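K.L.:
One structure, as structure tokens, below. Some questions next.
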Amino acid sequence: MERDGDQAGHGPRHGSAGNGRELESPAAASLLAPMDLGEEPLEKAERARPAKDPNTYKVLSLVLSVCVLTTILGCIFGLKPSCAKEVKSCKGRCFERTFSNCRCDAACVSLGNCCLDFQETCVEPTHIWTCNKFRCGEKRLSRFVCSCADDCKTHNDCCINYSSVCQDKKSWVEETCESIDTPECPAEFESPPTLLFSLDGFRAEYLHTWGGLLPVISKLKNCGTYTKNMRPMYPTKTFPNHYSIVTGLYPESHGIIDNKMYDPKMNASFSLKSKEKFNPLWYKGQPIWVTANHQEVKSGTYFWPGSDVEIDGILPDIYKVYNGSVPFEERILAVLEWLQLPSHERPHFYTLYLEEPDSSGHSHGPVSSEVIKALQKVDRLVGMLMDGLKDLGLDKCLNLILISDHGMEQGSCKKYVYLNKYLGDVNNVKVVYGPAARLRPTDVPETYYSFNYEALAKNLSCREPNQHFRPYLKPFLPKRLHFAKSDRIEPLTFYLDPQWQLALNPSERKYCGSGFHGSDNLFSNMQALFIGYGPAFKHGAEVDSFENIEVYNLMCDLLGLIPAPNNGSHGSLNHLLKKPIYNPSHPKEEGFLSQCPIKSTSNDLGCTCDPWIVPIKDFEKQLNLTTEDVDDIYHMTVPYGRPRILLKQHHVCLLQQQQFLTGYSLDLLMPLWASYTFLRNDQFSRDDFSNCLYQDLRIPLSPVHKCSYYKSNSKLSYGFLTPPRLNRVSNHIYSEALLTSNIVPMYQSFQVIWHYLHDTLLQRYAHERNGINVVSGPVFDFDYDGRYDSLEILKQNSRVIRSQEILIPTHFFIVLTSCKQLSETPLECSALESSAYILPHRPDNIESCTHGKRESSWVEELLTLHRARVTDVELITGLSFYQDRQESVSELLRLKTHLPIFSQED
């Protein structure tokens, strides 16, 4: 290693004295000796001037000679080339002790005589990783982080942009955008490597708004595959989302549910600044570098949450313990160096992480000049990476995923909720502050599970008009959030409106007037960045939004790995790839499906319905269907195929009616689903069907099928899956929806929601979309894991009312499907559009603070809050939709995993 100031490989090196001065040359000493001889004669000559000594001219000649000699020596040993030309630049002179009209050594700063270009020539290259025209041809110094010297290629220490700046070659961003049809890799690369590159806190909107200032990222977007919004996981925090990206798991599944959390079973707390962060017990699931290790694929991680922790006893082959002070350029250069390792050492998968623009967003807010500067900085750094890949011949070989973990929101001190305002004494509780706040008792773990969270949630509900927070017992949170099934998630959580945060009191708040994140993952300002670029990705493609849990399966496909079990839908991102690797298939039906003919005899149901509404003889005739009738019914009621039953050992009757189709569970004695089509011009009748039921003789009769069972219950009643008022076939066809096979136990408070949905919203949706197909049914999720419960769990959670065992649903689902082309009806769709909802079934409507409100002011808002993916409905019901469609399964997975973004954040 050469010392700073020495020039490597160029001429002799001069020694220096201990005080930093150069040692005196012997030749100079001998030449200076005559100066001593000339001093005394000169003085004598001046005193003897009046006498005009004849030796005067000799003395003057000698003095003149000495002066000339002194000047020459000064030029040689002091001023050097400045004698011939005045030197005003430090180029080639950095940190040398040479004297001129300006200096370039470290002392010049204190002396105040530095050359004007000292800073940019000698100082900036010690921490700047790029060349400029002025640096080209500079003298190499070891203290420079990279070189722009003419021979830097030989020494392999060139700055990344040396070729474009000093050799007038095009940089990567200046080259034309070409489709990479086949990988163009160096011979030593058997297959394209993959790099996962995270720009923390890069809000999706940044690229929409400031793309013109970001030439490199914009080129990647235009030349690769891009989505306007990648949906993060909830809460939209750094550690949970980075770990979701590399595991394909929800935070509730992989255990990292927040940047700060408490585990009552471990009785330990996790934070980003604690040593507990390195405890492997916090990390569940299998990150991709562990997956790679199991399949003998090497990985290198330059920072990624979890990558410096022994998960399953495994670390990446190359990794760095997180240190935020490491310059961004150093991280990029390290990855480029790893790509040059011998093939037996070289990783095949890489991660790279930068803290910006998150850091600037937190400090100054998302709409600030500082964030714009941070965006331009990371754009230059991405350009540095691409230029480095180009120099290595990897710019058309490596598959790059440029990604972020979440967005950023502007905070306001006026948009903070403080619980002490409502609770008074708060000494017995602790709140994890923010937009996804959680509460637990201070006395943990002793009272963690026994604390009366329900009473506290009720106390904090509907305290004031237009309340900006909602307290939730976690089983009632929107199922799309998947934020319940973990002991690390406190039983009481808070859902905040856009831009709002919550803390126990003002002293515990943070990010009051600056940027923050963590809110609902459907809020537009929480959306993240995704760009895929490389030979595997499509050229110039823009795709619909998707969730970041899908990226793990995508990366496994790129690397040729078999994914570990995860929450993603493998194959749902096939449309991003030129040549998809994995070909998904529909799940196999597991339930026992049968036809159920009329067997039973009629009984008194204890109803008080007008006889003219349900003439029994005519009603029975309607159920005698021909084969042709059944075909027509299937075409009308399940145009995309009936839902398949994935519930193992489950016995289901398929019941056909003129207007709807039912999958009736003989195990639960209630319908699992009902399907019908609501055309644009269909109308609802005004008949009053309350207290009207007709016994379905095709199924066993249960006490829960009788009107009399519900008469004395003030809260529990029954509801119809298919609305009786929908009568679209003929005026002579009586409402088959009054059949006992169409009812489910339903709280009276929920009937308000259900009736408004049927009587008002479905009519409007059918008119707007030129008709809709509707599938609805009960949900049982007593263990709140977002998956259908086993028969054993259902039995444990059944209730006894009036000496009769009854199973009350925890939720109800609705799946609405229509055509993308509004000119088509639901019976002839060329392409589908869907929306799904999973509504909590609660004995009150306190969630919506409905007192004094009309249904029109809150029901649709509730539906929007509890919107879900079709995939979420499938997981929680054990059903599978759209299996008779002609589209590929991967195309259907795109449809099933879609969710719209909440764009209005007033």
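We count from 1, first residue shown onward.
Including glycine, each Cβ sits where the backbone N, Cα and C put it.
Pulled these features from Swiss-Prot for this protein:
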- Thr238, Asn259, Leu272, Lys277, Tyr322, Asp358, His406, His517: GMP binding site (BINDING)
- Cys90-Cys104: disulfide bond (DISULFID)
- Cys94-Cys122: disulfide bond (DISULFID)
- Cys102-Cys115: disulfide bond (DISULFID)
- Cys108-Cys114: disulfide bond (DISULFID)
- Cys136-Cys166: disulfide bond (DISULFID)
- Cys177-Cys223: disulfide bond (DISULFID)
- Cys185-Cys397: disulfide bond (DISULFID)
- Cys413-Cys512: disulfide bond (DISULFID)
- Cys462-Cys849: disulfide bond (DISULFID)
- Cys607-Cys707: disulfide bond (DISULFID)
- Cys609-Cys692: disulfide bond (DISULFID)
- Cys819-Cys829: disulfide bond (DISULFID)
- Ser25: phosphoserine (MOD_RES)
- Thr238: phosphothreonine (MOD_RES)
- 1-22: region 'Disordered' (REGION)
K.L.:
Around the C-beta of Lys277 (GMP binding site), how many further C-beta atoms are within 10 angstroms, looking at every protein chain?
P.N.:
19
K.L.:
Rounded to a whole number, how many Å is the Cα of Cys849 (disulfide bond) away from the Cα of Cys102 (disulfide bond)?
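P.N.:
Cα-Cα distance, Cys849 (disulfide bond) to Cys102 (disulfide bond): 77 Å.
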K.L.:
Around the C-beta of Cys413 (disulfide bond), how many further C-beta atoms are within 10 angstroms, looking at every protein chain?
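P.N.:
A count of 11.
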K.L.:
Once near-sequence residues are set aside, which residues in the chain of Cys115 (disulfide bond), 6 or more away, have Cβ atoms under 8 Å from its Cβ?
P.N.:
Val87, Lys88, Ser89, Cys90, Arg93, Cys102, Arg103, Cys104, Cys108, Thr121
K.L.:
If you count Cβ atoms within 10 Å of each one, which of the binding-site residues His406, His517 comes out on top?
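P.N.:
The largest 10 Å Cβ neighbour count belongs to His406.
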K.L.:
When DSSP is mapped onto helix/strand/coil, what comes out for Cys90 (disulfide bond)?
P.N.:
coil
K.L.:
For the GMP site as recorded (Thr238, Asn259, Leu272, Lys277, Tyr322, Asp358, His406, His517), determine the largest distance between any two Cα atoms, in Å, rounded to the nearest integer.
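P.N.:
Maximum Cα-Cα distance: 22 Å.
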K.L.:
Pick out which of the disulfide-bonded residues Cys108, Cys177, Cys707 has the most other Cβ atoms within 10 Å of its own Cβ.
P.N.:
Cys707
K.L.:
Roughly how many Å separate the Cα of Cys177 (disulfide bond) from that of Thr238 (GMP binding site), to the nearest whole number?
P.N.:
33
K.L.:
Distance check, please: Cα of Cys607 (disulfide bond) against Cα of His517 (GMP binding site), rounded to an integer number of angstrom.
P.N.:
54
K.L.:
Which has the fewest other Cβ atoms within 10 Å: Thr238, Asn259, the binding-site residues listed?
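P.N.:
Comparing Cβ neighbour counts within 10 Å for the binding-site residues Thr238, Asn259 gives Asn259.
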K.L.:
Using a Cβ-Cβ cut-off under 8 angstroms and a sequence gap of six or more, which residues of the chain neighbour Cys462 (disulfide bond)?
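P.N.:
Expected: Ile846, Cys849, His851.
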K.L.:
Please report the DSSP secondary structure of Cys829 (disulfide bond), reduced to three states.
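P.N.:
Looking at the DSSP assignment, Cys829 (disulfide bond) belongs to neither helix nor strand, so coil.
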K.L.:
Nearest of the binding-site residues to Cys609 (disulfide bond) by CA-CA distance, picking from Thr238, Asn259, Tyr322, Asp358, His406?
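P.N.:
Among Thr238, Asn259, Tyr322, Asp358, His406, His406.
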K.L.:
Drop a 10 Å sphere on every Cβ of the recorded positions Cys185, Leu272, Cys397, Cys692 and tell me which sphere holds the fewest other Cβ atoms.
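P.N.:
Taking Cys185, Leu272, Cys397, Cys692 as the recorded positions, the minimal 10 Å Cβ count falls on Leu272.
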K.L.:
Would you mind pulling the DSSP three-state label for Cys819 (disulfide bond)?
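P.N.:
Where Cys819 (disulfide bond) sits, the three-state DSSP reduction gives strand.
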